[in-house]
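Below: the structure, in structure tokens.
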Amino acid sequence: MLTRSTLREPVGLFFTLVLAPLLVAILGVLFGNDPNPQFGGRGFMDATLPACACLVVGMTGIIILPTSQLQLRESGALTRLRATPLSPRVFVAADLTVNFLISLVGIVLALLVGAFGFGVRLQGNPVAVLAAAALGLVAFLALGYTLAALYPSSRAATGIGNGLFIVIMMTSGAFVPQNQIPQGVQRVARYSPFHYLVDLVQGMWSGQSWADYGTALAVLVGMTVVCGLLGARLFRWKTA
């Protein structure tokens, strides 16, 4: 049921599977990948491709998952499911699995477009890159369930989620080098889990060691635990 429901939602599928690869293609055509001192001698795509892939994670956790949950709740679909022997744990596990797999495909597609379309070279281990992205995805899916319980409606989830996503994207260093972001914004960005996700994935892409990203790992694991517990505690089958 969850898989069919997800596949029937063209907007969610577009943002998960198409937007990031499309953005990579557009940015690659516009800016190319010639070495640029602004990015430490790397090309624009070399510097930003991992961040583009991370957009899938942020959109899924902050916008897509909460909105879909609230739409199911508002339509009464969750109430009907509650009347079946299905337990909340099984439902949540299935929902997380579907969103995780679809989002992971979107991440891989974005990376492949950059690698084969614009010659972006992977300097690290592809397994490490996917593991970092997967960790961030789990953390943001947990956040998504917490937000689904806090947003008052699906419309609010869309409006607030889009605003929140734009803020964390612009302050993460994903597309603007950190040294070019105002100091005040940099201080705020240190409290953004998306900043640490981008930092971790970029580090794995460039071949850095996991040991160099202890803070990022701690933030994402801690976010998974805290938001996972909150999401489970606040989960509702029907609107208040």
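Just so you know, glycine gets a Cβ as well, placed from its N, Cα and C.
Predicted automatically and left uncurated, TrEMBL annotations should be read as such.
These come from TrEMBL:
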- 11-238: domain 'ABC transmembrane type-2' (DOMAIN)
- 12-32: transmembrane segment (TRANSMEM)
- 44-65: transmembrane segment (TRANSMEM)
- 96-120: transmembrane segment (TRANSMEM)
- 127-150: transmembrane segment (TRANSMEM)
- 156-176: transmembrane segment (TRANSMEM)
- 213-235: transmembrane segment (TRANSMEM)
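Beyond its flanks by at least six residues, the transmembrane segment (213-235) meets 88, 92, 135-136, 138-140, 142-146, 148-150, 193, 196-197, 199-200, 203 of its own chain at Cβ-Cβ distances under 8 Å. Only residues 6 or more beyond the boundaries of the transmembrane segment (12-32), in the same chain, are considered here, and those with a CB under 8 A from a CB of the stretch are 6, 43-45, 48-49, 52-53, 55-56, 59-60, 63-64, 67-68, 102-103, 105-107, 109-110, 112-114, 117-118.
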